[in-house]
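Per TrEMBL, the features are:
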type	residues	note
DOMAIN	103-284	domain 'FAD-binding PCMH-type'
BINDING	135-141, 204-210, 217-220, 268-274	FAD binding site
SITE	319	site 'Important for enzyme activity'
BINDING	417	substrate binding site
ACT_SITE	478	active site, proton donor/acceptor
Ligand SMILES: Cc1cc2nc3c(=O)[nH]c(=O)nc-3n(C[C@H](O)[C@H](O)[C@H](O)COP(=O)(O)OP(=O)(O)OC[C@H]3O[C@@H](n4cnc5c(N)ncnc54)[C@H](O)[C@@H]3O)c2cc1C
């Protein structure tokens, strides 16, 4: 068995890492108010794999022998646990289906190639033998981009890139690194940091996702304001396709026709397997500081975020939670465990009391975090400019204490979904991007859409949001929703999620800013890029992969859409929902 790290088979991340609420006194009352349930102590430490009812592999002996011949028998695995780990990503519905033994169609074999030549041989064999190849990075897809089509009759091969995990070279003069696609975030940063460099790309899923996966899904990290989205970071790449390797050299910029680089970024395995990437890397910053600010209202906070951009302050990130998310965030504060922390908690209560006296509605206030990197002087200058902008919008500067806490906790939140599922609650996300001029409308309409779904289901549901990645022209809004589920969970989830997604499109926003398309978002592609645009993309996939051997059914024309659970073929016409 190859030495490749995987997430736990039944949920997010690693075994023995849990979300706990007993040390957070405000959490259970907040959940009760938000979704009307009483939290129980966590029961589930792990799930015994013996409970999984795994469909048998359908691979023939002849096919397995051919794959063994390419990657070596140890690196072609048909054993159940490995196939289950590779059957889906970590969308909440993937996790739920796994826990409920609802494996629609799982890979018949998982192969771990150890070189680009082996990937080429696999690709050629897949076309020759009419196999389905699904590239696998960290398995953190949240848009159902890894599952085989449920009705797939052919042999399905999951191609795990985990053995291709090295930083191969760094062009120190140009700040460019050549890195293998299967490297996980922490392993890559460790190799870069040891030579004084960083990629600066830190998605929330950083610990369990790979460079190749980021490229294939058009990922964006929390520090994209400074380092760019993955599409800005990638300068060149190797993609293995039937008939040969596409090599795109690392170039700062080029005007050689439509961009092949852009075409492969976001292709979700449909155009071939990415084996190597040339990426921009940066020297680690001399100083890094995260400062927290409290704004009286969402509108004032959002205005401040836009003004920071207008003033060209060049922050590393600038993010603001709306009032609901601020309430949630405050409710996850731990009970003080020392005298110092007790004094600090009392100080916070006193601060809120003063703010109320000054006319603040503490239910409307919104917390923001801004990260600064650079030399000492540079950081000080940026902080000063932002302080002026924030105060101009009525903000209180909370300082670096809460900022540092946010920075430490940033990769923990995903574990909350596993905990909530155990409590019979779905907690999931929808994210989008829109021009600054549309953001308030997008926010309002997503709330209304979720609320209408909750009402139709007769549920007390919760929605909250933050603005994360920002650009000259606009920003990303990230929504989290939660509600108690019943036996009819497929219908309930589909109703809430489709309402929110449709509200994005109807409000002039995109159907996804950084989670990609997969099967989850594919029904809206025609509305997102226009029917003629979708046709052009269809033509590309048909020409590039006439046998539909490369992750078919993703991005466009997925058979397995949320509308199935609603008994419909496709989304309503644009605007019909509002
Ligand atoms: C809790 C949680 C938090 C998340 N936070 C973020 C976030 O902050 N920012 C963000 O951008 N995303 C986020 N995601 C989504 C996910 O982490 C990204 O889509 C990520 O880029 C996927 O990388 P991966 O290596 O896990 O790819 P996988 O999930 O393994 O694969 C994703 C898709 O890419 C294809 N693929 C993978 N590797 C290759 C390759 N080498 N060549 C060709 N195709 C390939 C797969 O076939 C599949 O279609 C989050 C997901 C979860 C569950």
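Quick reminder: no glycine exception, Cβ is built from N, Cα and C everywhere.
Predicted automatically and left uncurated, TrEMBL annotations should be read as such.
A gap of 16 Å separates the Cα atoms of residue 139 (FAD binding site) and residue 417 (substrate binding site). With a cut-off of 6 Å between Cβ and the nearest atom of ligand 1, the recorded positions 205, 319, 417 reduce to 205. For residue 135 (FAD binding site), the count of additional Cβ atoms within 10 Å of its Cβ stands at 29 [all protein chains shown].
Residue 274 (FAD binding site) sits 28 Å from the residue listed as 'active site, proton donor/acceptor', taking the Cα positions as reference.
All protein chains considered, the CB of residue 417 (substrate binding site) has 24 other CB atoms within 10 Å. Of all Cβ atoms in the shown protein chains, 24 besides its own fall within 10 Å of the Cβ of residue 270 (FAD binding site). If you take the C-beta of residue 205 (FAD binding site) and look for same-chain residues 6 or more apart in sequence within under 8 angstroms, you find 90, 138, 140, 142, 414. The number of other CB atoms found within 10 A of the CB of residue 478 (active site, proton donor/acceptor), across every protein chain shown, is 23. For residue 219 (FAD binding site), the nearest neighbour among the recorded positions 319, 417, 478, judged by Cα separation, is 478. Predicted-model confidence for the domain 'FAD-binding PCMH-type' (103-284) is 97, expressed as mean pLDDT. Under a cutoff of 8 A between CB atoms, and with a sequence separation of 6+ in the same chain, the neighbours of residue 209 (FAD binding site) are 137, 138, 140, 184, 185, 203, 219.
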